[in-house]
Amino acid sequence: MGSGEEPSQMRRALVDSLAGAISGGISRTVTSPLDVIKIRFQVQLEPTTSWGILRRDVYGPSKYTGLLQATKDILREEGLPGFWRGNVPALFMYMPYTAIQFTVLHKLKTFASGSSRTEDHLDLSPYLSYVSGAIAGCTATIGSYPFDLLRTILASQGEPKVYPNMRSAFIDIIKTRGVQGLYSGLSPTLVEIIPYAGLQFGSYDTFKRSMMTWNRYKYSHLSFGSEDDSVSSFQLFLCGFAAGTFSKAACHPLDVVKKRFQIEGLKRHPRYGAPIESSTYKGMYHALKEIVVKEGFGGLYKGLFPSLVKSAPAGAVTFVVYEYISDWIGCKAGVE
C-alpha cells in the first residue's frame, strides 16, 4: 500500500466512525421508549398478553399485558423519564457500536471489492454482505458490550430503582462479580448478533440493490432513455425499514434469551413478577428449553411487537442518517 493511500484510508475510517456514531445516537434516542417496553416484556416470566388462549399461569399474575397497557403503567409509575431509563449507557453502547460496526463493515467491503467507493460495494455477492455484516457486528459487540449490559439492567429495573444511575450499577457489578461480570451474557449475545447483523446489513444491501435496479428500469422506460439509478432518501428509509424488520423478526428468540442472562440475579420489586435468579439458565439451549416448557413458544417472542415497531424505524433512521452524514462529511473531507 502506498503512503499516499494511508491518509485517505484513515480519513475514510474516521468518516465511517463519525457517521456511524451520529446515526446510532439519533436512532437510539428516538426509539428509546419502545426499547424500554420491549425489554420489560422480554424479562417478564409471566405472560405478556391478556388473551386467555395464550396464557400459561406458571408464575402468577402479569405486570404487563400489552403495549398500550405497559405504556400507561410506566407513565403512571415512573413518568416520562421512565421511557428513557437506561438511555445514557445505551448511548455509550450504540455510538461506539455503530461507529465500530460501520467502520469494520466498510473496511471488509473495501478489501473484498478492491475499492473504497460505496457504489462498488453493491456489486459484491450478497453472501459477502451477510458475512461482512456478521463480522462487523461481532467486533462492535465485543467493543461495547458492558454498556449493553448496563442498559438492559437500568431499563428493566422499574421503580423503586435497584440502581439510581449507571455508575452505581457499574460499581456494584465490579464488587460482586468482578470485571467478568460486565460480560455476563456475552456468549448468547454473540450467538444472536452473528445472524442479526448479517441479516440486517445483507438484506439492506439486497434491498438497496433491488431499488437501484428498479430505478434504472423505471427511468429507462419513462424518462427518455435515462438510466439514473440514484436512490432517494425515502427509498433508503424503506430499505432500512425492511432490513430492520426482517432481521429482528428472525432473531428475536435469541434476543429474549440474551436479556434473561443479562438480568440474572437482579432484585426488582415483586410487582414486576417472578425474579430471574442467578444460574436459572445453564446455557443457551437450556434457556430456550426452559422458556418453551414454562412459558410456551410464545415466551420466545415476548416483546416482539414493540421490538418490530422500534427496530423497523430504528434501522431506517440509522441507515438513512449514516448514508447522508457519510456523504456530507466525505465531501467536506475530500473522501470518496
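Each Cβ is built from the backbone N, Cα and C atoms, and glycine gets one as well.
Under the heading repeat 'Solcar 1', Swiss-Prot lists 11-111, citing sequence analysis as support. Mean model confidence of the repeat 'Solcar 1' (11-111) amounts to 82 (pLDDT, 0 to 100 scale).
What Swiss-Prot records for 124-210 is repeat 'Solcar 2'.
As annotated by Swiss-Prot, repeat 'Solcar 3' applies to 231-328.
Sequence annotations record features per position, and here Swiss-Prot assigns transmembrane segment to 11-27 (among others) based on a curator's inference. Sequence-remote contacts of a segment are chain residues at least 6 beyond its ends whose Cβ falls under 8 Å from one of its Cβ atoms, and for the transmembrane segment (11-27) they are 91, 94-103, 105-107, 110, 116, 314-315, 317-322, 325-326, 329-330, 333-336.
Swiss-Prot lists 88-105 (among others) with the feature transmembrane segment. Distant neighbours of the transmembrane segment (88-105): 13, 16-25, 27-29, 32, 35, 132-133, 135-137, 139-141, 143-145, 147-148, 150-151, 154-155, 165-166, 197, 201, 318, 322, 326; these residues of the same chain sit at least 6 beyond its ends, with a Cβ under 8 Å from one of its Cβ atoms.
Same-chain neighbours of the transmembrane segment (127-150): 86, 89-90, 92-94, 96-102, 104-105, 108-109, 112, 166, 169-170, 173, 182-186, 189-190, 193-202, 205-206, 262, counting only residues six or more beyond its ends whose CB sits under 8 Å from a CB of the stretch. If you look up Swiss-Prot, you'll see 127-150 (among others) marked as transmembrane segment, on the strength of sequence analysis.
What Swiss-Prot lists as transmembrane segment is 182-199 (among others), and the listing cites sequence analysis. Beyond the transmembrane segment (182-199), the same-chain residues lying 6 or more positions past its ends with a Cβ under 8 Å from any Cβ of the stretch are 101, 130-131, 133-134, 136-138, 140-142, 145-146, 148-149, 170, 173-174, 243, 246-248, 250-251, 254-255, 257-258, 261-262, 264, 284, 287.
What Swiss-Prot lists as transmembrane segment is 230-246 (among others).
The transmembrane segment annotation in Swiss-Prot covers 303-322 (among others).
DSSP labels the residues of the repeat 'Solcar 3' (231-328) in these numbers: 75 helix, 0 strand, 23 coil.
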